[in-house]
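What Swiss-Prot records for this protein:
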BINDING   446, 447, 448, 449, 450, 451, 452, 453  ATP binding site
COMPBIAS  1541-1560  compositional bias 'Basic and acidic residues'
COMPBIAS  1568-1583  compositional bias 'Gly residues'
DOMAIN    1714-1896  domain 'VWFA'
REGION    1-260  region 'Interaction with PEX7'
REGION    1541-1583  region 'Disordered'
TRANSIT   1-45  transit peptide
């Protein structure tokens, strides 16, 4: 008997400290040679001669007799080391005891290969055969018991591992019990307990004892007939599992747990481990090794797990030491990073903790000099065992050569591969990867698009590996990873190895791309492959590590073939795995894929993003001719975004990955004119970013001096953007490309498409990318024409397309192949995707965002590397060179492209974030609704017959709605599709009104009141009368005009009255021009509101311009030029001018403050009149200040102002300054002919006229013999003058050109007003009255005829004065004969000085008459229009007795001489009035001024700055009313009848009237009575063949629309009472008074809309979180494609169904988000509340937060604090006392109010912010938000904004935002520039505060759910 001593272990000796020290010293000397220690366990193997089973193994005192295995190839090989550690021997001894007892064991312990290795060592020691199964979440009962396979058309049951082990007496090793889904493992319960099991095929497994008992009574044949099978007495189960709950997984089922005996297999004890490491790392100093181990052990301790640090993978330490052994000079800290990448794994605290431990064990700070620099060279060497390479690496100045596995192809030298640019960091990374490659598989971690795949490929090329890329996706099953079933041509089922398995056998390098996506339970099946290089497959074959395979081969003396027949294969020694992953999201609960189990499998290398210099190098070498300047700017922005901590910036940086930058550079180099701003915003898809991110991006771009293209704002003409196909090449815009010659014509789309500029621009952009070979992604709202654009694009390119539409249930299989069963065989049909790849078609992926992102991920490898594995084993590869001669390969056709279409990310679209996951592999294009111009031209083509104004209204209204949607005020983004549908309807049914047709779109919103209100307002603003009834016509009441009176004659220049004509001399001077001075013209947007939205009135449009509260309007004028009207409004306090073109969207404002300073004393009141000039001086205006006689010429196009000095000024008295002349001297300007570019000035009471000819620059002064009162220019050459004091009228005729030699001087005639003879009834003593207005042109002869009532054609003028409504002078001024005067007298004269007005005005007479008499003559419509104050209007007749007349700014009196009617139209009163009431009354006696607008309408401007247009002409009104009624639709109230036309078989006899029924009863049908409905031959309605229709007047029993809509009054009342009662009841419950309720309602209602919007979004989030998932392996549901074959074979659980996925057990609880609102309740809030309501707005904001988050406490926990002079943390709402009802909420608002009223002054904004940010993180939460409201005037309190910015960003975990209230001038804007982008808001208008809050919530909180 020979006995062999197998192993010696070191004890875990417990000697005293001293002896331990001595022992350690000795060990240092002897270096791991075990010294004289105490006794230890030995394993003895005793041979007892030749008998087979006589061998015994004893461990210590336990011994076990070996049996010869039946299948020796199933016994584990080479697991036992020569000297196992003592602790392992202890484990083995325990296992042997349990084995002898016949008990099943459970080895429990931390993740890692140790437990498996202990089990395998024991089985190898006892020569037991093993059945191994790695459980995963995909394991089902069939994997354990029996599986069906089809052989020759029959289904057989094949025993699986558990059954095989039981019958053959093997040991079943179950690994990963915590991975199996609940209730799968109980299948084994009975087998474990009683060794019994019922099988599917009818057999029954019975325990050995019972079977043997039965054998005593029955024969074996009988038992076989009963299908009873004996379970071997040697059958044992060893289960391996992790302790749950410490690790994630399903906890053990109690009945299952009770059937196992457990043993904790913890990491090796310190000493054993140390010894192991010493033996591995002989070159590394012992001290370093023990420090390394101490560090690792510390991180595995119980304390560190409470910190939330994942366990350190101790099992990887030997490999790390092995590397250090080859590179003793390398930094240990760095090697630790590979084993335990704590910088990626842990948050800030975790990192600090780990670094603390590193310091403690002196492992830190070994510097960068000790890192590997680069690979110097690679040499190939092949020996019998496979291929290796010698790689030389330079580390710390030395070169070290190591031997690493290599692939089968030729190796590359480090600098050889083309198109791989080596940067310093990449060289270093490659060197490090080779070091890891020496000992273990690698996992590369890096953000998307940073070049992981490129590095991995380069690494493979370096070592001569073939690559096997495997794209992983989320719902991948274990079968997809290892083996899949398929059918053989004869119908048998078989297993096909996955690429991973074949790669393992062939020694390839496997790229597991996207390992972070796969479920950890699925990856578990790879653990054994990675740790031990062993694998058991579903079909029973096993893969062994090569050395084990060889030793087995040697022992059994078998050939490779024989072993393969026994299904045993070697794994190639060169086989390696590189996993590619994105970094785990620190602190997130869901995406923490890098767990303790995963850490044991790989060495981790972090691929950091490129630094700027390297990125520039990469881009420059890849795209050599990229413009330098653009590149610099691009990278500076990108790196600035990457470096910030701000999550918003981070998400933007993610869209600017290296891959995107390369794409942008490629475009820039090909199209150098490309605008960088566009390129970046396109890459980030900024059009659809939340508003915060958008502003952050804009700010960063502005900082980097990247500007938008200024021309972009203007729309290019369609001429420049034509698409045309010329000579076989397509040209869109500036880009051209040859047209494709398609074979499959029918697949080329052809679509109705109307060209418009914007879509052309988009298509040009797409073409640019298409030419560069990019795949495109079009993102946009619904209905903006994404599909149309793509189809049109492909049509132009003549490319065939394949179309695939994704949806919720799209799976990876359905994207690639569709399996179907035909005749018992599985046949795969190519999906459009595969067809497109093969044939080179264009694949259009529609609704790309609807499929789960884990599915669409597989498109990534296809687009990026052109590789993809199909379900039937074929694979798609990029270059055809690899295809030749290898079957199952499909080469990508060079023409293949993918065009993906997706909706914009984010609410309200419910899609998944396709752009976020895959955006950077496509070139993205944001598709927007067409701009108004493009949209209009497109709609014209859809509705050629729809009137253009209607289309314009639609375009404008929808444009505004889209803006609202972009601002987040409404959720639904209205698109072109909706407008097109409306237009199509109007085109087909022109009589239907617009307002009823738009309801086709807007009825969706009719139940949402907020939304409805916004819609109504917008549509009404653009004059779409939705909700109006055609009967709502509210025109002014008409009164009869008094009869006309003949007033006598005006006689001019007749001799004999002693007054001969007088010649008036004129002198001509040049005008002195001073200037020009540039003036600042401010532009402001104008919102026009159509006035006729609910009822039809004379008013048609109104808008407001931004008038100061104290400013007054003193004159208005309108210029008409080529059909365009421009309105000029002059204001006088301060002097300023507003003007706007009526078709435009913008107004302009010019301030003349520096020319006319406002006087401190206020005694001087400037008064400015304005006269617009005509062409060629169009756009120029003369302004005249009446008291200083200053004449200014403003050029509005060149924004310059000149002063014109008139000659008269020279002899005016030179006073101290020209604006302080004595009172009462006023100069006037006559501007009737200013459009001819001349105006006349005169001084009241003066005796000269000055004619200013602006075009010539001349001034003609005419001296007169009389003192003037007023002047009317009744014609260009005839002027009516009125003398001062006497009011005598004169007519001045002037030659055409003053100053030319040949003409005479001006002539002055006296004008005599002669009364008719007294018989006419006109009294003699008529005082001369001064006309208010004399028209400067005449009535047409038709108008004159109808006015005077006799046919007459003659020159005439119409005038108006205070005594008459209108007066016509026939024959004046051209005929020298006496002119007849006809007048329509007023019942009482206007402006009778009443008592009140006398007291009101004091001072001189000039003040008593207002400056403007507001009278306009519309000669075209025969009307005189003026505005009267309410006192001059017959209000009693206008309004019924009991109605109080409304407040008005005055009434427009329309005297219509055509219809002989008077109408009074009320002008609504001004929204705000200047406090200078006396000044207003000096300007006008009404609060509005009037001017002629065009031939039949007038414009009024009130003192509050609101402009209104009024149509007064009857014809125009008639026409507008028609249009308005058409908009509403005439037939909405008509009685509609349904008629079905069918031929009745009865013939038609002669038509007749039929009998009249004496009783006139209603009749239907028949052939007898007249007046029936639906009969034949007789007259009636809807009949057949009758002579005519006859309605006998029967009532049609139909409630009219109006009545239908009206609910009876009593019902309404009951409803009201009920609501009131409920309200009272509710108040009583919460003890709130009605007064309080009203107060609260005031705050609540102000923010109702925001609350509503937020709650909708929060609801959606709740819903999104609860989306159901596919549950697989169900017994009912839909057939799962992946299990079709199992279905053929007759299995049951082959279905899948949607269900709520239970969270994985052990996965962390979802924590709520924390929000803290810190509001300002300082004294200044109370003090300035009166100015801008800031305190109230803050209270509204608080109210909004409280209301919006009510009932979402489990998702959002909020609290509200205040800061003021009293302190920085005033608790308003503590986190656990959320107010429940309105009363409690009101209490909080009251507290805020009172606090700010009574607190100390001072400011604690900074302290409040700092405290909130520090304090909020004390409690665990998913995300933290702090929002500060402050009105801090930072500079006043001496706070440095930079310090504030620093506090805001002090904790990267906390998203802090600041909202500043207040009007700090430009300080606010300066502040915003210093604060971080997107983090600070300035609320100049306090109304915005709730909106800003809503923005913050929607764009940040919601992004991450």
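Glycine is no exception: its Cβ is also placed from the backbone N, Cα and C atoms.
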Output, ordered by sequence, the same-chain residues six or more apart from residue 448 (ATP binding site) with a CB under 8 Å from its CB, or 'none'.
-> 582, 654, 657, 920
Neighbourhood of residue 452 (ATP binding site) by C-beta distance under 8 A, where only residues 6 or more apart in the same chain count = 444, 446, 580, 607
Does anything in the same chain, at least 6 positions from residue 453 (ATP binding site), have a Cβ under 8 Å from its Cβ, and if so what?
-> 469, 511, 513, 580, 864, 865
Number of other Cβ atoms within 10 Å of the Cβ of residue 451 (ATP binding site) across all protein chains | 25
Taking the centroid of the Cβ atoms of 446, 447, 448, 449, 450, 451, 452, 453 as the ATP site, which other residues of that chain lie with their Cβ within 8 Å of it, listed in sequence order?
-> 580, 582, 607, 657, 658, 659
Those residues of the chain, 6+ apart, with a Cβ under 8 Å from that of residue 450 (ATP binding site) | 607, 609, 610, 657, 658
Most Cβ neighbours inside 10 Å, all chains, among the binding-site residues 447, 449 | 449
Taking the Cβ of residue 446 (ATP binding site) as centre, how many other Cβ atoms lie within 10 Å?
-> 21
